[in-house]
Amino acid sequence: MSKLNGTIFMPPVLTLIGIPGLESVQFWIGIPFCAMYIIALFGNCLLLVIIKSERSLHEPMYLFLAMLGATDIALSTCILPKMLGIFWFHLPDIYFDACLFQMWLIHTFQCIESGILLAMALDRYVAICDPLRHATIFTYHLLTQIGMGVTLRAALLVAPCLILIKCRLKHFRTTVVSHSYCEHMAIVKLAAEDIRVNKIYGLFVAFTILGFDIIFITLSYIRIFITVFNLPQREARLKAFNTCIAHICVFLEFYLLGFFSFFTHRFGFHIPPYIHILLSNLYLLVPPLLNPIVYGVKTKQIRDRVSKVFHSKDSS
């Protein structure tokens, strides 16, 4: 690692400091974070096992939910082991290439999750607005194509972020990353060179994927609400609306946390750095924690299956 004019050329190792300003209490912050991860891991694994073992749940809505659960497991696992290594075992160093790979995984899984939420909204749209064609439209073949499509879209759009850092940015002011995981802008801001292209492309990916998905999710639910409120029977309206409540909660939780974290990180110059980092951490840990709980509480088929699993264990 060589230095030129106070800059560092192609550093092989970066240092993640965790949560700047809260280093003295990071050990204690790691405890609830670890608990959230364990609960999220248990809840999503239980959800996957139930959906796989129960043939009556092999429907598009539940298969999309299984995709969401698998993505949540992967997303939280990308960040928490290293984060706890920083908080508990004082292991802040990470190889530069490993940091870029972690960054690519995190942002790819975030984009995949957004795509799955869009697919779930479209599934509810067809199920409520055109129920007679739902089975013919959402076939297993289409579900496979959607899964592959959202994965490829995310992986290919996020990959240039990694390439632009690796190929364009050679000199860095410091190797200390003021974050608890490898986030795109946190790495880019270390560079001593012009980073406008990196920032513009990062914004392009965020608005292309999240902006596109939010627009179509919103349009789907506007159409769903119009259809539901036009149903003649009150019971039918309540039943149709009830099938959407869990989805709406998950959408709001994911996108509100995401946008709050996104804008405070880029434009909240007067907000303390530890607030930025805590919000970023919660954005990646809270949805995997809450998603299986929301669907377990609001979806009768899953709720009944979970109670049956634990009831059988108690009986034995």
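Every residue gets a Cβ built from N, Cα and C, even glycine.
Where the annotation comes from TrEMBL, it is an automatic prediction and has not been curated.
Record features (TrEMBL):
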TRANSMEM  27-50  transmembrane segment
DOMAIN    43-295  domain 'G-protein coupled receptors family 1 profile'
TRANSMEM  62-89  transmembrane segment
TRANSMEM  101-122  transmembrane segment
TRANSMEM  142-165  transmembrane segment
TRANSMEM  200-222  transmembrane segment
TRANSMEM  243-263  transmembrane segment
TRANSMEM  275-297  transmembrane segment
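Outside the transmembrane segment (142-165) by six or more residues, the chain places 60, 63-64, 67, 100-101, 103-104, 107-112, 115-116, 118-119, 184, 187-188, 197-198, 201-202, 205, 208-209 with a CB less than 8 A from a CB of the stretch. Across the residues of the domain 'G-protein coupled receptors family 1 profile' (43-295), the predicted structure has a mean pLDDT of 90.
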